Amino acid sequence: ATVFLEFWKRRRAVLTYDWDLIDWEDEEEELRPQFEAKYSQVERVNPITGKPEPFQPFPDKLSRLMVSVSGIFFMISLVLTAVFAVVVYRLVAMEQFASFKWYFIKKYWQFATSGTGVCINFMIIMSLNVVYEKVAYLLTDLEHPRTESEWENSFALKMFLFQFVNLNSSIFYIAFFLGRFAGRPGKYNKLFNRWRLEECHPSGCLIDLCLQMGVIMVLKQMWNNFMELGYPLLQNWWSRRKMKRRGQSMENKISLPQWEKDWNLQPMNLHGLMDEYLEMVLQFGFTTIFVAAFPLAPLLALLNNIIEIRLDAYKFVTQWRRPMPARATDIGIWYGILEGIGVLAVITNAFVIAITSDYIPRFVYAYRYGPCTDQGYRQEKCLKGYVNSSLSVFDLSELGMGYSGYCRYRDYRAPPWSSTPYEFTLQFWHVLAARLAFIIVFEHLVFGIKSFIAYLIPDIPKDLCDRMRREKYLVQEMMYEAELEHLQRERKKNGKQYHHEWP
């Protein structure tokens, strides 16, 4: 992620130079008509241009910003409510599938629960996305941004927050909360004192996390490609069909000119590029934030982007009208969002490896409790007995239902015959300490590598830097020659001698 962002900065510098936007500043942007209409009665002198312009008072700006932030938090809470509803569904479905009459469903009830939960969660995600866009438009217009770039940055940040929380909240739940508070046999925690909290698959939570990410990522990419190409195709087909009917009824066999055919194509959304950026940024999050749990994500993203490049080219050339161009020196707020995702990815992957996976428990067992203790980890035989060590014992007679014997469950608790039954063992605290230590070491190590890579890669290529310095030198030479010529003309005209000529 760091290498990608650093090389993007170099590419951006080349593009900015090629399009002659090095010295173009946002102050050259025109004010939005809505801003001028709203604050035309209040003016102040622009400290840069020295001209009076409409001005938004700070109390008004702060109050509108507070309303906007409140709306953002309300929508995020709506997302979390939807995630909670899916969690409740999984608890109810788990109970139903476990007692299903069909043996196949009854045997694989955990996969059936996870699969149906993911599909329902995806439908909720796509439904809420429509609401989010309208709310983001409303909140951004309520803020009355000064320029178009400020409007786009504000709108982009809201859309990213909404969709990021919408897409990843269920994934964060599975990665860090699923099965953590389920309790133990004989003392299970229940939701509303009715449904037992869901536990991870016996093979671990990574299976559920991988399934959740795979389904959401594949279905979302398919849906996005359909909406970007399939939907305009259907609209244009319907438009041509109506035109043919109209032409036949008017008995007009004359073919339409090309400009009219182009006009009948689908207009690009005023902020259509925002959707492209948002899709790529969310995909960047999928390929970095949980890549330790779903290593297939970068390959799926690469295949999707190869296909989407061609689909976008076909869409822009044949299905959409030509978009209106606009100046920009960079990608705006999106670069800051990408850097934030890179930082979040380091933290999240550290927690996934330490908490969600079995890497740390295996590591502690191999070096502290396994057959290779105090000998160093040499081969797979050092993990012999790991599964038995990771299981605790429960006395079935404590249920009071006529059962006898013992059952095993995944946890590090003392057996029922010990002096402190069902209390956490020393191995539990060793594993917990190792997990915390791994998170700290991993984060500092990777952040150090990130900073070192960013330092090694210059933001501007050397040849471009030389060209820019050469241009600056030539401009200074031209200014010197022009000023010298001007002074010589003045000398000839006035017949005066200049003793303090520049330079």
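Note: Cβ is positioned from N, Cα and C throughout, glycine not excepted.
Summarising the annotation, TrEMBL assigns domain 'Anoctamin transmembrane' to 1-471.
Annotation source TrEMBL lists transmembrane segment at 65-88 (among others). For the transmembrane segment (65-88), the list of distant contacts is 117, 120-121, 124, 128, 131-132, 135, 138-140, 142-143, 158, 161-162, 165-166, 169-170, 173, 191, 195, 198: same-chain residues at least six beyond its ends, Cβ to Cβ under 8 Å.
Per TrEMBL, transmembrane segment is recorded for 108-132 (among others). Same-chain neighbours of the transmembrane segment (108-132): 75, 78-79, 82-83, 85-86, 89-90, 93-94, 97-98, 100, 159, 162-163, 166-167, 170, 198, 201, 208, 211-212, 215-216, 219-220, 223, counting only residues six or more beyond its ends whose CB sits under 8 Å from a CB of the stretch.
Residues or ranges marked as transmembrane segment in TrEMBL: 160-183 (among others). Residues 72, 75-76, 79-80, 83, 86-87, 121, 125, 128-129, 132, 135-136, 189, 196-200, 205, 208-209, 212-213, 216, 220, 278, 281-282, 285-286, 289-290, 293, 337, 348, 351-352, 355-356 of the same chain lie 6+ residues outside the transmembrane segment (160-183) yet bring a C-beta within less than 8 angstroms of a C-beta in it.
Same-chain residues lying 6+ beyond the ends of the transmembrane segment (280-303) with a Cβ under 8 Å from its Cβ atoms: 1, 160, 163-164, 167-168, 171, 175, 206, 209-210, 213-214, 217-218, 221, 334, 337-338, 341-342, 344-345, 348-349, 352-353, 356-357. Residues annotated as transmembrane segment in TrEMBL: 280-303 (among others).
As annotated by TrEMBL, transmembrane segment applies to 331-355 (among others).
Below 8 angstroms of C-beta separation, residues 343, 346-347, 349-351, 353-355, 360-361, 363-364, 368, 411-413 of the same chain, each at least six residues beyond the ends of the transmembrane segment (428-447), sit close to that stretch. Feature annotation from TrEMBL assigns transmembrane segment to 428-447 (among others).
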